[in-house]
Amino acid sequence: MGSVTSHFGPLCGKEEKRGELWPRASNVKKKRFFFLSSHRVCSTRWTNRITARCPRPIKAAHFSPRLIRLVFSVTEEERLFRANDRPFNLSYRYADNAIKTAKYNLFTFLPLNLFEQFRRLANAYFLFLMVLQLIPQISSLSWFTTAVPLILVLTMTAVKDASDDIVRRNRPAGNSLKRGRFADLMLLSSSEPLNLVYVETAELDGTKYLLVLMSTSHSQLICVADISLSLSLSGEVRCEPPNNRLDKFKGTLSLDGQTYSLDNDKVLLRGCTLRNTEWCFGLVIFGGPDTKLMQNSGKTIFKRTSIDLLMNVLVLCIFGFLALMCTVLAIGNAIWEVREGSVFTVFLPRDQEASAALSSFLSFWSYVIILNTMVPISLYVSVEIIRLGNSFYIDWDRKMYYPKSDTPAQARTTTLNEELGQIKYIFSDKTGTLTQNIMTFNKCSINGKAYGELLMQRLYKTDRVDFSWNRLADPKFSFHDHSLVETVRDGNPEARAFFRLLALCHTVMPEEKKEGELYYQAQSPDEGALVTAARNFGFVFRSRTPETIIAMELGRQVVYELLAVLDFNNVRKRMSVIVRSPEGKLTLFCKGADTIIYERLHPSCNKLMEVTTRHLNYAGDGLRTLVLAYKDLDESYMDEWKLRHHEASTAMDDREERLDQLYEEIEKDLMLLGATAVEDKLQDGVPQTIEQLAKADIKIWVLTGDKQETAENIGYSCNMLREEMKEIFVVSAFALEKSLHLELLRTACMCRTVICCRVTPLQKAQVVQLVKKYKQAITLAIGDGANDVSMIKAAHIGVGISGQEGMQAVLSSDYSFAQFRYLQRLLLVHGRWSYLRMCKFLQYFFYKNFTFTFVHFWYAFFCGFSAQTVYDEWFITLYNLVYTALPVLGMSLFDQDVNDRWSFQYPQLYSPGQLNLYFSKKAFVHCMMHSCYSSLILFFIPWAAMHDTVRDDGKDVADYQSFALLAQTCLLIVMNIQLCLDTHYWTAVNQFFVWGSLAAYFAVTLTMYSNGMFLIFTTSFPFIGTARNSLNQPNVWLTIFLTSLLCILPVVAFRFIVIQLQPTVNDKVRHKLRKEALPAPEPRLPPARRISTRRSGYAFSHAQGYGELVTSRRFLLKRPLRSRPALFAQTDSPLAQNQPQLYRTIAEEPEERPPQSEREPRMF
């Protein structure tokens, strides 16, 4: 076949060169996926992902250039497409189909990144400071002392931002995105009978249920074997504008004078995954950012920690305080110049034009430079290093490594670590995040007898049932109650009827990869699990036609005539089929929610119903329960009922009501068979993790697209819900309307547990933003699918789980790992430590720099406000870069109040971070007061000691240089002692940094004050002999000791009194740590069984409409055998190698808690 040139517009991206695309007509039947865009006809090999990819264009030799093109109207009311009308379509403009995930490009990176960095107030301040240092009249320090650190900070940040942007450029994930262009498609035709397409919507709503879409009733006339027919279409499509409604679509197709309706069942959304479809044709309706998935994705938000925001406020306060100090000193300079300045003009002459006002003005800016250490630029360098180090700890943590998938934990950002220690609300997805999305048949009750006790299996480790006698059994199916197999094989009629019902009453589509290898394609994993269970117990669903169901019953093929399917819906909560056996017996098989089925049972089943109810309660271990019943029908009644059923099903008015009446009529006086219990397996350690996080006073909200019953079952399994919680609040999606926001939040915050059901991806983000806005709390969102991206982006912290639903959530997250249980280690260990270390660092850093700066302030009153520095210039240069940099970094990278096991043992240790107890405005004020006191001691004690003091030989030592050396030595020793008091966890590295910094100070001081340095660099090292002459005097060392004692003793006394009178939870735990060893983890016991009194709904993930489908020939017909992966191949989940730990609460001073209310509310 030929090809056409690319001259069709922007939807498919850039104009591309000529090239071959289409195969010959004889090859069209190969497994391909076709797209009819508004610009060209596109094809791509099967990638298991719906994309609107436009590879190379088709040459023009054999095709008319009139292709189906896509253009939207300018208004927001509708979008308009015309096939093969290029001039009309080009009169409209529409967004490019490409998706931009990068923030920068090659040309905008430098200016935009610098602009963003200088938006940080401190960076702008240091730039301004560097400019001031270029003015010789006011600068007493060299300009490069600020320029070099500033350039270093900007460079490090730019490299990190560039790296993050390169990662963003490749989002969402996969080779298909890197190449391509995505779109929402209107289905035209497919390889399946009646143009059906089977899709999974895991990346849209988080569920891996199989859905069936069908094309328009007229589009099946398109001959896919001859692509030229698709180019002759002259139809027009009108549809709604782009929006974020995943469950709604409205439009019309005008073709050959007829108008056909378009709805959501005829649209393939970006993010869907095709199943069992060799090829299909689609018309692009929404492209690029207008696709519904992108409309639900939300905007990328630049996330900053609460400490960052607090630091911005504090920096502003520091600037104000700095301006106040400089103003005071400038006024002092003016007063001194007026009163005393004329005395010094004899040996310090000045220009005649100089005045006290000018001197005061210059003095102001000179002190701005000298006192700049109140906000040192090394603070931001150190913060980035600490965050980077704590990120490495997460990456290197072997206890967060998942060996089954070879997935380590990953810190995808280095700027949010301390925020992990302040989380108050967690918003979690359900499917794939809390659960494995793997359904297993665990228990059942048949004719009053219960089978499949998990407790017996766990305690006695019984062997799996051997199904080798059944050649069609699923080898991956696991069951441990051998008595059930014996009951079935011994001919028990109730047991056989039980599994016969499971094999017949469903809408599962079978497929044989090869002879004897069955694969079930179910639109809900619940049904797949039940049909697989019947298959293993000898009742194998083999195939179906619109009129028959073929099953193998204990090795014998039986063909049942399918007379009717009474479909499921949310009101009925049950499903029935009516079949005729080969013997001519008519039977109605029904399965559904227990409350629904019990109302329709024959009175003779009352006793059996009581026994089955006890089994349901006994088996309520968070499982999905289902009741099975049957009814024998009379032939004459069935004939009459079928006539009425046909009339109702073809009626144009009140069709649903009339059908419901017929269903109610025939589904009466049912005979009870038993009940089933299916488990959506939780991930390992989920209940323990949720319990631990709850003890840490972290509130967990589950946001899921599933139905209420599904979420309720998982809530019980996870210990989020308990039986004593009686009150249930059911909230519909309209509660997220703006007018109801506050009422929803107020009601939700009254509940211990909040589960939001049937929410769209955008609604998940809205819930997160609602809590962020009104609760002013730190939030974390965790999910594993593309439908969780909006929520992950909206929260302060986004965590992605690398599960079975792709990598979109991971690539949009700040942190990622493989299992939900690792969240407790991320928060209770890494998050808490990071927050504690950062707060300690900030408190100590501000303390040491404020103290350093205040000494300058006090000295100004003794130097005529001349902006002379109290310290040696080299000490000023090296104070933050060498002498105090490594000790504080050592504390900030290695310090622990308690180790990780004690952190798990007492989750309450997490609460101080939620309350901002370690670093806040109040703590900052305390830090300033502490610095003020220390600076007074550090200045006036050495000043008083050196005043009128002589050496042992009678010579005077009260000179400026000796005082400067004594003051700076006292300062450095006090800072190191204070650091030692703040350090709880000592390592060899900490010891080396502390002692090494002191050794480096004395080594550098003795070297720089030596005769040799003075002779080589006379102007740079004027303090010749100062160290040698001062440090050999006993009174100097006595002054150092006295100064250190007066600075440290009040701190020790104050902390002792606080611990005795108002001990924190950290103080209590550290006290216990000294007295007792941490007990070994207790053995892992089977979870206690929960006695459930609730009633489960049927088919929690089921959808309405499939009964009609299986009886209308619109389903998967049997085709020649070919290779295809199993959709519901069940896999065992072996125990994780990292066993969850069992923890106990703090026993000291137990709190009096009121008893649990029997009507404690919970919310859905």
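Placed from the backbone N, Cα and C atoms, the Cβ positions cover glycine too.
Annotations in TrEMBL come from automatic prediction, not curation.
Marked as active site, 4-aspartylphosphate intermediate by TrEMBL: Asp429.
Cβ-based neighbour count (10 Å, all protein chains) for Thr431 (ATP binding site) stands at 30. According to TrEMBL, the ATP binding site annotation covers Asp429, Lys430, Thr431, Glu527, Phe568, Lys591, Arg624, Thr704, Gly705, Asp706, Arg758, Lys764, Asn787, Asp788.
The Mg(2+) binding site annotation in TrEMBL covers Asp429, Thr431, Asp784, Asp788.
Residues or ranges marked as compositional bias 'Basic and acidic residues' by TrEMBL: 1152-1164.
As annotated by TrEMBL, domain 'P-type ATPase N-terminal' applies to 83-146.
The domain 'P-type ATPase C-terminal' annotation in TrEMBL covers 810-1063.
Residues annotated as region 'Disordered' in TrEMBL: 1135-1164.
Annotation comment: TrEMBL describes 141-159 (among others) as transmembrane segment.
Residues or ranges marked as transmembrane segment in TrEMBL: 309-336 (among others). Residues 120-122, 125, 356-357, 359-361, 363-365, 367-368, 371-372, 374-375, 842, 857, 860-861, 864-866, 919-921, 924 of the same chain sit 6 or more residues outside the transmembrane segment (309-336) yet have a Cβ under 8 Å from a Cβ within it.
Among the features that TrEMBL reports, transmembrane segment is placed at 356-381 (among others).
What TrEMBL records for 841-862 (among others) is transmembrane segment.
Residues or ranges marked as transmembrane segment by TrEMBL: 874-894 (among others). Taking Cβ pairs closer than 8 Å, the transmembrane segment (874-894) reaches residues 141, 145, 149, 373, 376, 378, 382, 385-386, 389-390, 837-838, 840-841, 844-845, 848-849, 852, 964, 968, 972, 975-976, 979, 982-983, 985, 987, 989-990, 992-994, 996-997, 1000-1001, 1004-1005, 1008, 1021 in its own chain, all 6 or more past its ends.
The transmembrane segment annotation in TrEMBL covers 923-943 (among others).
Per TrEMBL, the feature transmembrane segment maps to 963-981 (among others).
Annotation comment: TrEMBL describes 993-1017 (among others) as transmembrane segment.
Positions annotated as transmembrane segment by TrEMBL: 1037-1058 (among others).
Cα separation, Asp788 (Mg(2+) binding site) to Arg758 (ATP binding site), rounded: 13 Å.
Counting Cβ pairs under 8 Å that are 6 or more residues apart, the transmembrane segment (841-862) and the transmembrane segment (963-981) reach 3 or more and are in contact.
For the transmembrane segment (923-943), same-chain residues at least 6 beyond its ends with a Cβ under 8 Å from one of its own Cβ atoms are 314, 317, 839, 843, 846-847, 850-851, 853-855, 857-859, 862, 870, 917, 963, 966-967, 970-971, 974, 1039, 1042-1043, 1046-1047, 1050-1051. A separation of roughly 19 Å, to the nearest angstrom, links the Cα atoms of Arg624 (ATP binding site) and Asp429 (active site, 4-aspartylphosphate intermediate). Looking at which of 356-381, 993-1017, 1037-1058 has the most CB pairs under 8 Å to the transmembrane segment (963-981), the answer is the stretch 1037-1058. In this structure the C-alpha atoms belonging to Asn787 (ATP binding site) and Asp429 (active site, 4-aspartylphosphate intermediate) are separated by 9 Å.
Of all the binding-site residues listed (Arg624, Arg758), Arg758 has the fewest other CB atoms within 10 A of its CB. Note: the CA-CA distance between Asp784 (Mg(2+) binding site) and Asp429 (active site, 4-aspartylphosphate intermediate) rounds to 8 Å. Listed binding-site residues near Asp429 (active site, 4-aspartylphosphate intermediate): Gly705 (candidates Phe568, Gly705, Arg758; Cα-Cα distance within 10 Å).
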